[in-house]
Every structure is written in structure tokens, then in C-alpha cells.
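Colleague: Can you read through this structure? Questions will come right after.
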């Protein structure tokens with residue numbers, strides 16, 4: 001897995017970082033924003049390639065990157081010396097070494113539990129969304145189409161070729177020369193650890209304005225389970241997870257872009273931020289609203305501050321004109337967004353109410369359920385609240401960071417609205433399919449810098465007490481620099497919480513990968529995984545496998561490259577033939593409509609798993625026709641565990 005992971009890491013981080021460097025962006029900002037720029041360019045190249053009839057592969061992708069780099073170099077030369085904070089150089093010497101060491105520690109705190117829970121590089125992620133996404137990668141490899149405007153169409157029976165579905169993640173993973181499972185699992189490390197922490201480090205630097213703040217932000221960011229564990233393991237939302245991983249880097253570019261850029265530099269700053277935000281949006285549409293949730297307060301506060309300055313300087317007409325113009329643009333954008341069929345489908349998505357506001361707020365603050373059951377991650381909650389108090393009690397910090405506290409409160413409020421109880425404002429959570437866990441995933445973006453500030457506040461208090469002569473045995477610590485004391489406190493917290501509750505995080509990933517422990521039911525046991533892998537030798541290459549989509553059959557496509565008649569667990573877009581087989585395939589040889597559907601889809605094999613929900617298996621309530629064997633028209637080919645593969649001989653298929 002090391003090779004695919006390194007390749008994907010290079011593909012995600014390097015091109016975007018180089019482009020930002022060519023534009024004039026320097027240091028951790030280029031590294032932090034690089035992945036978002038990379039994803040944006042890959043997604044656009046995929047759309048262009050499909051429109052031009054070019055198959056998705058490395059040669060055209062690299063050619064596209066060369067063109068982008070040339071444009072970036074020209075723009076960077078044009079705006080040289082005008083980028084302000086975006087051009088801040090990297091730390092050097094001891095500071096750089098300590099920051100790099102902190103990054104490695106934070107990465108290990110995230111990566112080790114993932115690796116332990118995953119078990120092996122080629123382990124199969126057995127949750128609802130992961131089946132769809134893995135088959136989406138295989139569809140791109142088969143069709144050569146990685147465009148967001150149609151790449152996922154083969155997974156839907158009656159959807160036209162110009163079907164929108166965010167495919168940036170799928171396109172990237174499809175480029176990795178490894179099995180779909182290995183490549184997808186590699187993306188969990190690259191996006192959920194590497195890209196995420198690069199962005200958080202950059203954000204910590206621009207928000208707290210010190211390298212110590214950047215390092216402590218990394219340590220605190222590694223403590224959350226809301227992202228990456230819940231999103232990438234429990235919910236299996238790789239594309240949405242990619243968007244969340246890119247948010248902090250894009251936000252860091254936005255903040256730095258408003259500090260000191262002038263003249264031509266403003267044009268380049270706007271372009272860099274726009275491309276990075278585009279990467280967030282192209283990774284997943286909900287990423288736009290996640291970004292606005294944390295960036296909106298900063299933009300509003302910055303705009304109000306600018307407006308006051310201009311107003312007091314006598315430029316009142318300009319302020320009024322800009323305010324009216326911005327309002328009209330915002331109104332137009334809202335109309336466009338709210339009338340979009342995709343957004344309307346999101347807003348109409350219904351979920352059950354499952355909590356009350358105080359309970360949800362507590363769970364968000366304490367990162368439940370990924371910590372001590374019913375208690376949560378109290379240290380991270382305490383540090384975050386300390387950070388909030390540190391901002392509110394200091395006039396200087398309040399002036400600089402009030403937006404961060406506002407964003408923190410807004411995220412908690414939105415998570416609470418999504419969880420319930422039902423009320424008219426709950427529709428606002430529809431931008432995240434009214435799923436509180438999706439909104440909670442963005443909480444660490446604002447909570448981690450606040451937690452880092454909380455660590456600094458706690459360290460300052462402790463150092464002051466020690467200097468007063470309290471705890472004489474620890475008196476020498478009071479003479480140490482504040483960053484040293486803060487780092488020591490961070491280390492104590494990490495050790496005391498068993499690596500930020502690493503066993504709980506590993507358990508979450510095990511519940512997604514380990515047969516027998518899969519939350520919501522195991523799709524494939526170890527024996528059945530072996531059966532599916534053998535499809536490459538037990539069936540012809542043009543075979544089409546039919547089976548209960550909840551009970552393992554769709555894995556035939558991403559694992560063994562055999563088309564699945566029902567390639568996803570959902571029923572949206574199901575064709576008439578697919579619906580017929582899901583409902584009554586057991587009537588093969590008795591119902592002419594079944595044979596018509598078999599011939600229409602080209603079904604050659606039937607995969608039957610007799611395990612039930614009582615056995616711990618996942619069984620579809622919408623596919624009763626695939627849960628018992630037809631009386632005639634099939635013959636056994638292979639078996640493993642409680643599953644058997646049959647060749648369809650009826651309907652003239654034999």
C-alpha cells in the first residue's frame with residue numbers, strides 16, 4: 001500500500017502546491033492550500049477531457065497540469081511582490097524542525113488508529129456509501145469518463161449521460177495503479193490525514209499568527225473523531241470527506257489573501273482563493289456550504305471593519321454602493337442555488353429527529369461518540385472553551401478572532417438544528433442532507449485553533465502560578481518559555497487520553513472493515529470475500545452478476561471487475577428491469593417479465609447469500625426477489641461461507 005499511498009499523496013499535494021508557489025504563495029500556505037487547488041484542477045480537467053472525447057489517464061492529465069503551471073508562472077511574475085501575507089516564507093532552523101516533528105506526531109495520532117482498524121491495505125469498506133463509491137471508481141476505469149457531469153451515470157439504471165454527481169475523488173482514485181480497495185483506502189490516509197493536517201497547520205498559522213499556534217493546532221486537530229473517523233469510516237463518505245479535508249487550507253488562503261495584498265496581488269489572491277474554494281465545491285457540493293459556515297463570519301467581520309474604515313474616511317457613497325451591489329449578488333446567488341434541482345433534492349431529504357439541542361451541543365463539544373461513552377472527550381472540550389474565553393477576555397484577541405468564536409457557535413447551532421427537534425429552521429441543515437454528522441465534521445476546523453489557544457492560555461496560567469512559588473518541585477518549569485509549557489501540557493493530555501482515544505477511533509474503522517464487526521450488518525464474510533475475488537477465474541470477463549445489493553453482490557464490480565446488475569444499495573434511478581429482478585427474480589422460468597429483464601441486463605450469474613439479519617448480515621428490504629433460489633434455471637458454480645454463486649441457464653442464457 002505504500003506505493004499507491006505515496007503516488008496519491010504526490011498527486012494531491014505536489015501539483016497544487018507548485019501552482020501556488022508559481023503564483024507567489026509561499027510556505028505552509030502553499031502546502032496547506034495545495035491539495036484544494038489540485039482537486040479543483042483535476043476535476044476541471046476531467047470535465048474538459050470528457051467533452052473532448054479524451055479518456056481519463058495520466059498523459060492528458062499531466063499535459064493539463066503543464067498548461068496550468070505555465071499560466072500560474074506568468075501570473076506570479078506579473079504580481080510579484082504584491083501578495084502580502086500570502087508570500088510569507090516558511091519557518092527555518094529549529095522552528096521548522098519542531099513544526100515538522102509536530103506534524104509527524106499529529107499524523108501518527110490519526111494514521112495509526114486508521115491502519116489498525118482497517119486491518120490490511122486491500123480490506124473492503126462494507127458500508128452503504130462505500131459500495132457505491134468503489135464501483136464509481138471502477139466505472140471510470142472502464143469508461144474513461146471521470147467528469148462530474150456523467151461519470152457516475154453507469155451506476156444508475158435510468159439516468160441520462162449528463163448526470164451530475166461529484167466525481168473528483170473517484171477520478172483521482174481511478175488514476176492510482178492498484179486495486180480499487182487499495183487505492184480507496186490510500187485516499188483515506190492522503191485526504192483524512194495528510195491534506196487535512198496540512199490545511200489545519202496553515203490555518204493555525206494565519207489565525208493565531210505564531211508558529212507555536214500552528215503546531216498546537218495540529219495536535220488538537222488530531223484529537224477529533226468527527227473528522228476523519230466518523231465521515232470516512234462510519235459514514236463512508238469519501239467525496240464529502242475530501243471536501244472537508246480541503247476546507248481548512250482554502251480558509252487559510254482566504255484569510256491570508258485579505259492581509260496586505262495590493263495592486264496586481266489582489267487579482268492573484270482572488271484567483272488563488274477562488275480555485276481553492278472551487279476544489280472544495282468540486283469535491284462535493286455540500287463542501288460549499290461547509291466552507292461558508294466557517295468562512296462566512298470572517299468575511300462579514302472583515303467587510304464590516306473595512307466599511308467602518310471607509311465610512312469614517314468619507315467614502316460613504318462607495319460603501320453604500322458596494323453594500324447594495326454585494327447584497328444583490330448574494331440574492332442572485334441564493335436564487336441560483338435554491339432553484340438548482342440538486343440543491344432542492346438535498347433540502348427535501350428527510351431524516352428522523354434524534355436529539356434535543358442541549359444534548360447535541362454537548363455531543364459536539366465533547367466529540368461524542370468517539371471518546372469515553374456518555375462522557376466524551378472532556379479535555380478537548382475544555383481546551384476549546386478555554387480558547388473561547390481567552391478570545392472574549394482580551395480586547396486585542398476579540399478584535400482579531402471574534403469571527404472564529406462566531407463561527408464556532410454557528411457550527412454548533414447548525415449541528416443542533418440538524419439533529420432536531422423539528423422546527424422551520426431545520427431546513428437550513430438540508431444543505432448537508434439534514435445529517436448532523438456531516439455538519440459536525442467541519443467543527444474541528446474552528447475548534448482546533450480555539451483549542452490551541454486554550455492550551456496557550458492554560459500554559460500561561462500554570463507558568464504564572466509556578467512563578468509565584470506554588471508547587472516548588474515544578475518551579476523550574478515556570479522559567480521555561482510559554483511554547484515549551486504549552487507543548488508539555490499537550491503531551492500530557494495526549495498521553496492521558498491514550499493518544500486522543502486512539503482505541504475508539506480504531507474501533508470505528510474496524511466497524512467499517514472487519515467482517516463480523518461491521519456496523520449495520522456484514523455484507524461479506526472472509527469466505528465470501530474470497531468467493532468474490534475468485535470471480536475473476538470462475539466467470540467470463542463479460543459476466544453480469546445479480547444478487548441482493550445489501551448482501552455483497554455489488555462488490556463483484558470493484559473487486560473482480562465483473563459487472564453488477566445492481567451496482568449500488570440505493571434504489572434511486574433503478575431501471576424497470578432492475579426493479580423487476582429485485583422484486584421477483586425467484587420466479588425465473590415462471591414469469592416472462594423476469595426473463596425479459598434478465599435478457600435486457602445481460603444477467604449471467606446469480607449470487608445468493610442465505611445469511612439473515614439475525615446472523616449479523618445486511619439484507620435489503622427492497623429486494624425480496626433476490627433472497628431465495630429460483631426453482632429452475634440456475635446451476636451452482638462456486639460457494640463460500642453462506643453465499644453461493646450460480647450460473648443462470650434459464651431464459652436462453654445457458
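Glycine is treated like the rest: Cβ placed from N, Cα and C.
Here TrEMBL flags 6-24, 36-58, 64-86, 98-118, 172-198, 210-232, 238-255, 267-283, 289-307, 370-391, 441-462, 482-502 (among others) as transmembrane segment.
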Colleague: Ranking 172-198, 238-255, 289-307, 441-462, 482-502 by the number of C-beta pairs under 8 Å to the transmembrane segment (210-232), which range is first?
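Modeller: By the under-8 Å Cβ criterion, the transmembrane segment (210-232) pairs most with 441-462.
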Colleague: Cβ under 8 Å to the transmembrane segment (98-118), counting only same-chain residues 6 or more beyond its ends: which ones?
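Modeller: Result: 91, 185, 188-189, 192-194, 196-197, 201, 211, 214-215, 218-219, 221-223, 228-229, 233, 494, 499-500, 502-503, 505-514.
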Colleague: Within the same chain, where does the transmembrane segment (6-24) have neighbours whose Cβ lies under 8 angstroms from its own Cβ atoms, ignoring anything closer than 6 residues to its ends? I mean 6 or more beyond.
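Modeller: Sequence-remote neighbours of the transmembrane segment (6-24) are 30-31, 33-41, 65, 68-69, 72-73, 75-76, 79-80, 82-83, 86-87, 172-173, 175-177, 183, 186-187, 189-191, 194-195, 198, 265, 268, 271-272, 279.
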Colleague: Near the transmembrane segment (36-58), which residues from the same chain, at least 6 beyond its ends, have a CB less than 8 A from one of its CBs?
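Modeller: Residues 11-17, 19-20, 64-65, 68, 140, 144-151, 167-168, 171-172, 174-175, 199, 242, 246, 249-250, 253, 272, 275-280, 282-283 contact the transmembrane segment (36-58) from elsewhere in the chain.
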Colleague: Can you work out whether the transmembrane segment (172-198) touches the transmembrane segment (238-255), with the criterion being 3+ CB pairs under 8 Å where the paired residues are 6 or more apart along the chain?
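Modeller: Since 3 or more Cβ pairs under 8 Å link them, the transmembrane segment (172-198) and the transmembrane segment (238-255) do come into contact.
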Colleague: Are there residues at least six beyond either end of the transmembrane segment (289-307) with Cβ under 8 Å to its Cβ atoms? List them, or say none.
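Modeller: Here the qualifying positions are 243-244, 247, 250-251, 254-255, 258, 277, 280-281, 319, 322-323, 326, 402-404, 406-407, 410-411, 414, 431-432, 438-439, 441-442, 445-446.
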Colleague: At a C-beta cut-off of under 8 Å, are there same-chain residues at least 6 beyond the transmembrane segment (64-86) that contact it? List them, or none.
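Modeller: Here the qualifying positions are 15, 18-26, 29, 41, 45, 48-49, 206, 253, 256-257, 259-269, 271-272.
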